[in-house]
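S.K.: Starting off with a structure, shown below.
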Amino acid sequence: MCAARLVAAAAQSVYSFSARPLAGGEPVSLGSLRGKVLLIENVASLUGTTVRDYTQMNELQRRLGPRGLVVLGFPCNQFGHQENAKNEEILNSLKYVRPGGGFEPNFMLFEKCEVNGAGAHPLFAFLREALPAPSDDATALMTDPKLITWSPVCRNDVAWNFEKFLVGPDGVPLRRYSRRFQTIDIEPDIEALLSQGPSCA
């Protein structure tokens, strides 16, 4: 068993994990987000749904961030090589290419990582174990096996860019959504979690 899976197997919540911000600096412990509702997505700047999903992520963070939502984006190049920029190039790609028009994410973006295979970030290994399939499409799989570039391949692998994981204020993953489920349509589920009470830091 690889180290990422060992760490994931021992974890009880996302608070056991950390990730380095895209802008650089020290790793951010997800434990610092205790009490917040988290929406975690693997993102890519050259995907067919980049404009839709990035703008919807911004919209959810803008509207629901003050009430306790934190959106987290993890660039990943494992799906069709659609995040082939270097870490330091991603923000400019978003600003000038796609979505373009001066777009700037208002949510946390982290350094590129893998979400599947032996090199998967421990956070994603944990999320995949906790939520083995998207709730809206339990049969979601990679549509073209020729595009699989990682090993081992597991049934709970993320199938493409912009899969979403909703995590409650206790750090426990609650629901997984496929790439086809629009980010903005998660709002009712987020609202339900936020209405359960104020977030506590």
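Every residue gets a Cβ built from N, Cα and C, even glycine.
Relevant sequence annotations retrieved from Swiss-Prot are reproduced here:
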MOD_RES   SER32  phosphoserine
ACT_SITE  UNK47  active site
SITE      UNK47  site 'Subject to oxidation and hydroselenide loss to dehydroalanine'
MOD_RES   LYS86  N6-acetyllysine
MOD_RES   LYS86  N6-succinyllysine
MOD_RES   LYS112  N6-succinyllysine
MOD_RES   LYS112  N6-acetyllysine
MOD_RES   LYS146  N6-succinyllysine
MOD_RES   LYS146  N6-acetyllysine
MOD_RES   SER195  phosphoserine
MOD_RES   SER199  phosphoserine
S.K.: Reported as an integer number of Å, what is the Cα distance between LYS112 (N6-succinyllysine) and SER32 (phosphoserine)?
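M.R.: About 21 Å separate the Cα atoms of these two residues.
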S.K.: Within 10 angstroms of the C-beta of LYS146 (N6-succinyllysine), what count of other C-beta atoms is obtained when all protein chains are considered?
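M.R.: I get 6 for this one.
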S.K.: What residues, ordered by sequence, lie under 8 A Cβ-to-Cβ from UNK47 (active site) and sit at least six positions away in the same chain?
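M.R.: Set apart from UNK47 (active site) by at least 6 residues yet with Cβ under 8 Å, we have ASP53, PHE79, GLY80, GLN82, TRP160, ASN161, PHE162.
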S.K.: Using SER195 (phosphoserine) as the reference point, find which of the modified residues SER32, LYS86, LYS146 has the shortest Cα-to-Cα distance to it.
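M.R.: Of the modified residues SER32, LYS86, LYS146, SER32 has its Cα closest to that of SER195 (phosphoserine).
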S.K.: Enumerate same-chain residues with a sequence separation of six or more from SER32 (phosphoserine) and a Cβ-Cβ distance below 8 A; give 'none' if the list is empty.
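M.R.: Listed in sequence order: nothing, so none.
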S.K.: Return the residues near LYS86 (N6-acetyllysine) by Cβ distance under 8 Å, restricted to its own chain and a separation of at least 6 in sequence.
M.R.: none
S.K.: In terms of DSSP three-state secondary structure, what is the assignment for LYS146 (N6-succinyllysine)?
M.R.: helix
